[in-house]
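**Q** So Swiss-Prot lists the following for this protein:
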ACT_SITE  Glu141  active site
BINDING   His140, His144, Glu218  Zn(2+) binding site
TRANSMEM  5-25  transmembrane segment
TRANSMEM  34-54  transmembrane segment
TRANSMEM  155-175  transmembrane segment
TRANSMEM  193-213  transmembrane segment
Amino acid sequence: MFNRIFLFLLTNVAVLMLAGVVMSVLGVNPAQMSGLLVMAAIFGFGGSFISLLLSKFMAKRSTGAQVITEPRTPTERWLLETVRRQAQAAGIGMPEVAVYDGPEINAFATGANRNNALVAVSTGLLQHMDQDEAEAVLGHEIAHVANGDMVTMALLQGVLNTFVIVLARVVGGIIDSAVSGNRDSGRGFAYYIIVFALEMVFGMFATMIAMWFSRRREFRADAGGAQLAGRSKMIAALERLSLNHGQNTLPSQVQAFGISGGVGDGLRRLFLSHPPLTERIAALRAANGTAM
C-alpha cells in the first residue's frame, strides 16, 4: 500500500514539474490553469476509478465467467483450494474464482482492492495445462492482486489522462491563437479540432507509458507466481503459453490483466501490455533465491 502511495505521489510530482516546465516554455500563466486542472483531474481520475470499481462486474459480464460457489467437479474443487492456499500465503482476502469459456490458454485477475478480487481461468487452460502449470498461473494472478496492480494502473491512468487533457488544451489554445492572430477572441471550431487531434497524439504516448509499466508488472507477477508455486512450475507454465497460438478471446478491457498477451515487433511492442514470453522465461531463469 505504501509503495503505491509513494509511486502515486512521485508520479504526480513529476507530472507537475513537467507541466510547469511546459507552461513556462509556452508562456502560459499557471494561475489561469486552476480551473482546467480541476476539470481534467475530475474527468481523468473519475473515468479511471469508475472502471476500477466496475472491473469485476464488467469482466464477468464480458467474458461470461461463471463464479464457482459450490464446486461440482474435482477440477473446480482443486481451483478453489489452490487459490485459497495461495491467497493466504500472499496475505490477501479470498478472491472469487471463476471459469470462462475460451479456447486459448489464459487467465486474468481483476478487482478494486486486494480483498475484493476475481481470478478467472479459461476452459482452454484447464484442458491444456497440467496442475503444476495451472498452479503457477494462479500464483501469477494472485501476485497481481497482492501487488495491488489494478489500483496502481488506475492511479497511473488517471495521472496520464489528466496530463493529456491539460496539455492538449494548453497547446491547442496556443496554436489556435497563433493561427487566428487574436488571443482575445473566443475559441472557434478549429480550436476543438486541434485539441481533438492533440489528444489522439498525446494519448498515444500516454498509452506507451501505461503499457511500459504494465510490462514491468508482469515480470513482478511472474516472480510472485514463482514464490507461490515454484520457479520451475512458473517457467513450465510460460513455456506452455509460448506454444499457445490460439486467438485471444478476452475482451480488450480485460486483456491487460491476462497472463498471456499479444505479440509484436518494432513499434508495436511499445503498445503491448505483456513482454515477450522468452524475456519472461529468461528473467525467471536468471533470478536467484526464488522458491523452487
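A Cβ is built for glycine as well, from the same backbone N, Cα and C atoms used for every other residue.
The structure displayed is predicted, hence computed values, not measured ones.
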**Q** Report the residues of the chain - excluding His140, His144, Glu218 - with C-beta within 8 Å of the mean position of the site's C-beta atoms, for the recorded Zn(2+) site, in sequence order.
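**A** What remains near the Cβ centre is Ala109, Glu141, Ala143, Asp149, Arg217, Arg220, Ala221, Asp222, Gly224, Gly225, Ile259.
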**Q** For the residue listed as 'active site', which residues of its chain lie six or more apart in sequence with Cβ-Cβ distance below 8 Å?
**A** Ala107, Phe108, Ala109, Val119, Ala221, Gly225, Ile259
**Q** Which of the three DSSP states, helix, strand or coil, fits Glu218 (Zn(2+) binding site)?
**A** helix
**Q** Any idea what DSSP makes of His140 (Zn(2+) binding site), helix, strand or coil?
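**A** For His140 (Zn(2+) binding site) - judged by DSSP and reduced to three states - the answer is helix.
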